[in-house]
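K.L.:
Structure below; questions to follow.
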Amino acid sequence: MSSFPLTYKDVGLLFGGLGLFLYGILQMSSGFEKAVGSKLRSIFEKLNSSPFRGLLIGTLVTAIVQSSSAVTVLTVAFVNAGLLTLEGALGIIFGANIGTTITAQLVAFKLTDVAPYFLFLGFLLFFAGKRKYIRNIGEALIGFGMIFMGISLMDSSLHALRTWEPFHNAIISMGKNPVLGILVGAIITAIIQSSSVTTSIVVALAAKGAIDLTSAVPVILGANIGTCVTALLASIGTSISAKRAALAHLFFNVIGVVLIFPFLGIFERFVSLTSAEVARQVANAHTFFNVLWASIWIFFTKQYAELIKKVLPGEERIYRREASFLKPQLLNTPSAALEAAKNELIRMCDIVDEMYNLTMDSLFQNNTQHYKDILTIEDITDGLKASLINYLTQLSIDSLSEGEAKELNAILRAVDDVERIADHLTNVMEKVEAKNSERIEFTEYAWKDLEELRKIIYDNIRDSFAMIKESTANYLDEVLQREERIDYKVKESKESHIERMKKGICNPIAGVIFSDLLIDLERIGDHCVNIAQEFYEVNNSKREKTLLR
């Protein structure tokens, strides 16, 4: 058996070049993400209605940041945050598969001779640029130069491999057994979590004559499957929608490979006609496969999304973060803008109503499965509060009637109260998390007190919110009466709890958590009273004016 042909110097150049290549990918991706990342959120938020627009954006963003893994992980994160629906995410995922092929195409261009110029230009922009945006572009160009310097080092170290018999036999085996090639490509890509790296190395090997098209294509196809691992890992612990997005990415690539597998010979013959250079043929094979597959599936995103929902069933909660009713054009008609703000407040109330039920279910069922949902809702209420305040402060008080001005002030105060209820519910959820992580148990007396408070407080949430929704003044007396019961019950529970502590019936740590829960629940009741009183004044004035007419 022939000896290993690479010298210590060659091995050093190979691994050094690989390290430089990988670091260049990271640098380039990081630089471009910093340069355009602040705009990605607003761009992605607009893609739910158009898979074709998502395909275009996914392609362009991935081509710029040179990382389909980064784009798919970002997409999964946006789905988890409620910024994207599953249907909206699919277009971006399909586009990311196309955009990632740009790296292999660039490698096939043999830009190694101009790599030092990119490094120098990037250095100038990074260290001399006064604006952060310019420095980020400089960082990206340094990464771009590193990519091709790394390829140059690997290229010079691999020349002896093409004549080494074991390597030659391994390549022949992958040509004769494409399944082996697919597995090799998938495993390597799953380990290094970058299909760009795998395909670029294969293109570089092809450029040196160390691998032919027949052996390269299966590895390229396997890389498409292996790159899904990153998004799958990112989906751990996320919402059901985010898990579906990651699963859709995997199925999309696996099904594509399975369907083209019987036609590999035809596909390879077609690709061989596109260029005389094997390296370019390999890069083209990667591009053609992904463009063809994405172009077909983009027309079936709705049906594909339904399939994924059947494969991974479960309740899907999508909370719309941005305001639904606050249209800028309505500001020219103050009464219409005020009605829009009230509708947005009602939507905010509905979200917090659901938040209360999720939180109480978590408390009484001793689980934290809704913890992330609660944090998401709390974040949404913060955003809606800011949007409503900003919107209403643009209204001219002079253009409003006396009754409308009162309603505007009531809405502003109620927005703060509803958001504070969400804050206290988040506090309750954090107590549930602490209680469960420490395996703390409440006494049956504590559970009985909490159950009674749960019902009374929810009745006040329901009625105070109804005063906004129904424009009625009818529920104030009931809300005030329940508030007295809440205050009395909290006081009684605290006193009983102290007695249990003295008798050693209650765990001291459990006692602290129980006391904190009582405080948060009492304050939720206080905010319900504020809302009821605010809208009693507004709604009662409206009723009196109606009677006078």
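Think of each number as a place in line: the chain as shown, counted from 1.
Here the Cβ of each residue, glycine as well, is placed from N, Cα and C on the backbone.
Just so you know, TrEMBL annotations are computer predictions that nobody has curated.
Residues annotated as domain 'PhoU' in TrEMBL: 345-432, 451-534. For 12-32, 52-77, 89-108, 114-129, 141-161, 181-207, 219-240, 246-270, 282-300, the entry in TrEMBL reads transmembrane segment.
In the displayed structure, how are the listed features positioned relative to their neighbours?
P.N.:
The average pLDDT the prediction assigns to the domain 'PhoU' (345-432) is 88.
Across the domain 'PhoU' (451-534), the DSSP tally of helix, strand and coil residues reads 74 helix, 0 strand, 10 coil.
The list of residues near the transmembrane segment (114-129) in space but at least 6 beyond its ends in sequence, with Cβ under 8 angstroms from a Cβ of it, reads 135, 137-149, 152.
For the transmembrane segment (219-240), the list of distant contacts is 68-69, 72-73, 75-77, 79-80, 97, 100, 174, 181-191, 193-195, 198-199, 202, 246-247, 249-250, 253-254, 256-257, 260-261, 282, 285-286, 289-290, 312, 314-317, 372-373: same-chain residues at least six beyond its ends, Cβ to Cβ under 8 Å.
Using a Cβ-Cβ cut-off under 8 Å and counting only residues 6 or more beyond its ends in the same chain, the transmembrane segment (282-300) has close neighbours at 51-52, 55, 90-91, 94-95, 97-98, 100-101, 104-105, 107-108, 199, 202-203, 206, 213, 216-217, 220-221, 224, 252, 256, 260, 267-268, 270-271, 274-275.
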K.L.:
Mind checking which residues of the chain, 6+ beyond the ends of the transmembrane segment (246-270), have their Cβ under 8 Å from one of its Cβ atoms?
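P.N.:
Counting only partners 6 or more residues beyond its ends, the transmembrane segment (246-270) has Cβ contacts under 8 Å with 72, 76, 86, 89-90, 93-94, 97, 178, 182, 213-214, 217-218, 221-222, 224-225, 227-228, 231-232, 234-235, 285, 288-289, 293, 297, 304-305, 308, 311-312.
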K.L.:
List the helix, strand and coil residue totals of the domain 'PhoU' (345-432) as derived from DSSP.
P.N.:
77 helix, 0 strand, 11 coil
